[in-house]
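A.B. asks: Below is a structure I'd like to ask you about.
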Amino acid sequence: MAIKDLTATTGDSSLPLIKSPPSETTGGDRTSALQTLGNIIVSIVGTGVLGLPYAFRIAGWLAGSLGVIIVGFATYYCMLLLIQCRDKLESEEGEEESKTYGDLGFKCMGTKGRYLTEFLIFTAQCGGSVAYLVFIGRNLSSIFSSYGLSMVSFILILVPIEVGLSWITSLSALSPFSIFADICNIIAMCFVVKENVEMVIEGDFSFSDRTAISSTIGGLPFAGGVAVFCFEGFAMTLALESSMREREAFPKLLAKVLAGITFVYVLFGFCGYMAYGDQTKDIITLNLPNNWSAIAVQIGLCVGLTFTFPIMVHPLNEIIEQKLKRIDWLQKHHNGYSNETGSVSKFAIFTTRTLLVVGLAAIASLVPGFGTFASLVGSTLCALISFVLPASYHLTLLGPSLNVWNKSIDVFIVICGLIFAVYGTYNTIVGV
C-alpha cells in the first residue's frame, strides 16, 4: 500500500477494495484497453515512488535497480497467478459473477482464509492512509519550518479537515484532486531528474562517490520493502481484469504497464540518488531547492493528497459499515434509516469514520520516518499480499494440474516471501 489509492474508476463507478467487481453480464460497463491502462497505473503508482531515491541510497544504485526490477517481475507473475486462481474457481463453481481475493482465501482455507486475506488488505490500506498523513506532515513542516511546527502539529491540524471530508458519501467531487495529486507527483519527479541533469552538466557530480552495492546487508531488504510498497496493487487485480472489455488481452497489457512502471521507478530512484547522494532524504521532495517553483510543487502535492485521503480510506469505511450492518443492536435501534448502507444510522457512520481518521492520525504521529514506515509496510503486509498468498492459493487450487517446475516456483515464492517478510520486518524495526 504504497502510498497507493487502491480504488480504480470505471467511468463514474468505483471499484472498491474488496467489493465484488462488475458481473460478467454487465458488458456495457466494461472498460477499454486505454481505460484499463489508466486504472492499473492509478492503482499501483502513488507518492510512495518519492521514497525510492532514499531506498537507493540505503541499498546502493545497482542493488536498488536490480531489486526494483525483480520486484516488478515478481509482481507481474503473481498477479497472473491470482487471475488463474479466480478463473479456476469460476470454472469449478460455474458462476458468472467474478470472484474476489477474499473468495480465493475462503476456497483455500475456509472462513479463516477469507478473514486473513481481507484483514491483510484492510491493514495494508490503513498503512497507505497513514503514509499519506506522514507525507503531508513532513512536507508542510519542511515548508513552514520557520514557524516551529512539527510534523505531528500539521497532522493534528489535518484531523478536523479529514474528518469533515470523510463524511462526504459521494466521492465524485473529490476525484479531480486525485488526478491533481498525480500531476504534482509527476512534476516532482521531473524536478528531481532536472536537478540531476543540471548537476551533471555543471560538473557538480561524481559517479564514483555513489555506492553501487551497500556494504550493510540490512540495506537490501530495507530497499526491497520500499520497492514492494511502491508496487502493491493486488487488491485491485481481479477487479481490473474483470472490468476489461477484452479480458484475454489483460496479461499482455499488464506486462507492458508494469514494464513501463518498473523502468520509471528505476530511472527515478537512480536519478534521485545520483543527484543528492548521501544527502538524499526519505521523501525526495524535501531535497528540492527552496524556491517558489519547488515549494509550489510541494504545496500542490499536499493539497491534492489532503483531498485524496478520503478516497484512500473509502474502502475502509465500506468494510467497517458492512460489518456494522450485521450487528443486531444497530439493526434493532436504527431500522428506520435506509440508504446504500442499509440499516446503519448516519450517527454510526459519522462516528466510525471520525474514529477511523483519528486512529490513523494517531498512528501517523508515532511514525519515525516515511522511508522506515514504507519499508515496514512493504516487508510485512505487502509482501504477504503480493507474493505469499497468491503463490499459496495457486498451489492449493491448481496444484494437481501443475508440473514440477511450476510447483517449485510457487514453493520458492512462498518461502522467499516469508523469509523476506520476517527478516525485512526485523531489519526495519531494529534500524538499518
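Using the three backbone atoms N, Cα and C, a Cβ is placed for every residue, glycine included.
If you look up Swiss-Prot, you'll see 1-35, 84-115, 169-172, 241-256, 314-353, 401-410 marked as topological domain 'Cytoplasmic', on the strength of a curator's inference. Marked as region 'Disordered' by Swiss-Prot: 1-30. Swiss-Prot lists 36-56, 63-83, 116-136, 148-168, 173-193, 220-240, 257-277, 293-313, 354-374, 380-400, 411-431 with the feature transmembrane segment, giving sequence analysis as the kind of evidence. Per Swiss-Prot, the feature topological domain 'Lumenal' maps to 57-62, 137-147, 194-219, 278-292, 375-379; the stated evidence is a curator's inference.
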A.B. asks: Please determine whether the transmembrane segment (293-313) and the transmembrane segment (148-168) are in contact (criterion: at least three Cβ-Cβ distances under 8 Å, sequence separation 6 or more).
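C.D. replies: Answer yes, regions in contact.
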A.B. asks: Rank 36-56, 63-83, 148-168, 173-193, 411-431 by Cβ pairs under 8 Å to the transmembrane segment (354-374) and hand me the top one.
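C.D. replies: Answer, by Cβ pair count: 148-168.
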A.B. asks: Mind pulling out the one from 36-56, 116-136, 173-193, 220-240, 411-431 with the most Cβ pairs under 8 angstroms to the transmembrane segment (63-83)?
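C.D. replies: Between the stretches 36-56, 116-136, 173-193, 220-240, 411-431, 220-240 has the largest tally.
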A.B. asks: So, do the transmembrane segment (173-193) and the transmembrane segment (36-56) meet, by the test of 3 or more Cβ pairs under 8 Å (sequence gap 6 or more)?
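C.D. replies: Contact between the transmembrane segment (173-193) and the transmembrane segment (36-56): present.
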A.B. asks: Which range wins on Cβ pairs under 8 Å with the transmembrane segment (257-277): 36-56, 148-168, 411-431?
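C.D. replies: Counting Cβ pairs under 8 Å, the winner is 36-56.
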A.B. asks: Between the stretches 36-56, 148-168, 220-240, which one has more Cβ pairs under 8 Å with the transmembrane segment (411-431) than any other?
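C.D. replies: Between the candidates 36-56, 148-168, 220-240, the best contact partner of the transmembrane segment (411-431) is 220-240.
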A.B. asks: Same chain, outside the topological domain 'Lumenal' (375-379) by at least 6, Cβ under 8 Å from its Cβ: which residues?
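C.D. replies: 1-2, 55, 124, 127-128, 131, 221-230, 232, 420-421, 424-425, 427-429.
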